[in-house]
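S.K.: Could you have a look at this structure, given as structure tokens, before my questions?
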């Protein structure tokens, strides 16, 4: 019954904000046009469609707000005006009663609160639709007291989420059947991704693992601080991390008055992001100003502080190659190569003509070169490429769309700090190093080192293996003996050839690296 009532509520909100008109407008049958005219009679639909959708999602509650936030990252699927409006959605939810948070913690640990924490602040410092945060003090396994932040899941969230998701899945099926744009927008796929995303957020162990991975990756980079996870105090619905203190990055004047080098801070943000992308293939994908502070402590002055690790992105070597080659081809204005990269990726239907895709990409990219290099937005370039690709039914991978959205956030943040930030100059060394690593001797050397133990063990055992085989089948396999002995001779010759040619091969690889550097432009 409750699901039925919730469904009626959703339908009423959809009707009141004119969102049904967006679906019905896809139909061209005369009777559907008449139905649309009747249904929209007397309603004010003067607001832009994106604004109406945003306001409807806000009225439907936090789960739908989160859904809108996820949709805003799918610039490959959503029209630009709708994606831009959905990006304005804010996860504003009042905190739940602190006693409920205490009960959740005690239930998770099966202990009283004073047996878990040295002290616990009952007043939450932050709240969102999924969880809220309290400050506390713990005593670690060495007896050292630590200031921590405790994230506690809202109770009953799984039940609420499952009910709304069931309705979303049902609506997605209907939209895909009834709307002419349904198959292109892939509502069932989008809702399925959102389903996975929300259930991942319900497991705080996963978020803690993301934080631990980023902290480990960033240890050698003195530009960013990632809070330490205290695993002894983590459960699926409670996460305890190091308490971080700093100034929100949006408070630029306060940072400037404190002596922070603002232009350097802008460059450092880009450096952090591209290090995570091209070196680690694992990046913080929720780097908006609310999740970033700047340290003013003497030993870590001017460093970024990253918070909230519920959303991360992972990239394969193929994804990184796609990005690096697309960016370099774009700045060379080699639009044919950009089109070829899309086709080589296998995301484009086989019937796509390269010249047509090239012409469409040229129309998108060429206007960017009328402005200074420092004003070119790599995030916008990717977004426009994805939007152009949509016309050709290109299947863009979700992780690349997530990266594009994060890149836009990084660029916006960087240029808010320093309007003269040249993103390309900062990004270029990372692209160049990655390309050289892929084409130069470093990659070959890494692969040789990876395979060396296996071959080092196999080669000395070859005579023994031959002898064992022959003694088991004495007199029966003369031809096999000849073949194995011949193979051993060939192996010895091959090893000698590798050793004798090694120096020349290394020299050739060094020359190749120099050629790659010269061809960068």
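Note that Cβ sites are derived from N, Cα and C of the backbone, with glycine treated the same way.
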S.K.: Which of 111, 112, 151 does Swiss-Prot put in the same ATP site as 125, 126, 127, 128, 129, 130, 131, 132, 133?
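M.R.: Only hit among 111, 112, 151 in Swiss-Prot's ATP site, alongside 125, 126, 127, 128, 129, 130, 131, 132, 133: 151.
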S.K.: Counting other Cβ atoms within 10 Å, pick out the least crowded of the binding-site residues 125, 131, 133.
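M.R.: Least crowded of the binding-site residues 125, 131, 133, by Cβ count within 10 Å, is 125.
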S.K.: 127, 129: which of these binding-site residues has the highest Cβ count within 10 Å of its own Cβ?
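M.R.: In terms of Cβ crowding, the pick is 129.
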S.K.: Counting only residues 6+ apart in the same chain, whose Cβ is under 8 Å from the Cβ of residue 286 (active site, proton acceptor)?
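M.R.: Correct list: 308, 309, 310, 311, 406.
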S.K.: Report the largest Cα to Cα distance, in Å and rounded to a whole number, among the residues 125, 126, 127, 128, 129, 130, 131, 132, 133, 151 that the record lists as binding ATP.
M.R.: 14
